[in-house]
Amino acid sequence: MLLIIQNGYITPYIYRYLDEDYEIIKSFNVDVTTMDLDKYSVVIILGGYQSVVDINKYSYLLKVIELIKKCLTVKKPLFGICLGFQLIAYALGCEIKSSGKLNVGYDTTILGYDNVFRCHIDYIIPNDSVEVLEYFDNMPYLYKHDNHVYGIQCHPDIAPECIKKYSNHIESYDYAAANKDSINKTNAIIIKYILNLLRDSIKKD
């Protein structure tokens, strides 16, 4: 079973792309440090509106970081998306900075695809704990730590039919409406690809 940590208030849509049972826990309602990690194959840390630059404003995100560190200690496979990508990097000692602008759109190029939604302001400054696998717009967009942690800055978890709940970017609305089938296909492929890498890491251990 997958453990999904929901950090934002919008209902997650990642379930559309999963091939395994899952449990969604809202970090702002539950002390996530109490979760029994032995029940789960992979822990997924989702995005949210918050900024890691101002992490001390969000006491529940400090609990998420504690959970991440616990996962790192026991080598529980971790998958971070957007804010989750930044939270894991922060837990690994990376610096998080603001780009000073909203980076938004569907023209993100990653893993050979060019139709993945992105919507973020902050970005990570990598250290030796993470291996950056891909950059986009001169910012890290995909990294790994050992073989049991992967993070992605963009949003293969957001279904195109739901994009208006996440952004008021008109060009993204129009692109999502015209290309929803191909976007959903890409999202599913990327999510499955990363989850399979993490599952393989369990077998190797």
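If you go along the chain as it appears here, the first residue is 1 and each next one adds 1.
Backbone N, Cα and C define each Cβ position, glycine as well.
Here the structure is a predicted model, which means the values were calculated and not measured.
The domain 'Glutamine amidotransferase type-1' annotation in Swiss-Prot covers 1-176 and is backed by sequence analysis. In this model, the domain 'Glutamine amidotransferase type-1' (1-176) carries an average pLDDT of 97.
Among the features that Swiss-Prot reports, active site, for GATase activity is placed at Cys82 (among others), with the record citing sequence analysis. Neighbour list (Cys82 (active site, for GATase activity), Cβ cut-off 8 Å, at least 6 residues apart, same chain): Leu46, Gly47, Gly48, Cys119, His120, Ile152, Gln153, Cys154, His155.
Residues annotated as active site, for GATase activity in Swiss-Prot: His155 (among others).
The active site, for GATase activity annotation in Swiss-Prot covers Asp157 (among others). In the three-state DSSP classification, Asp157 (active site, for GATase activity) falls within coil. Residue environment of Asp157 (active site, for GATase activity) contains 25 other Cβ atoms, counted within 10 Å of its Cβ in all protein chains.
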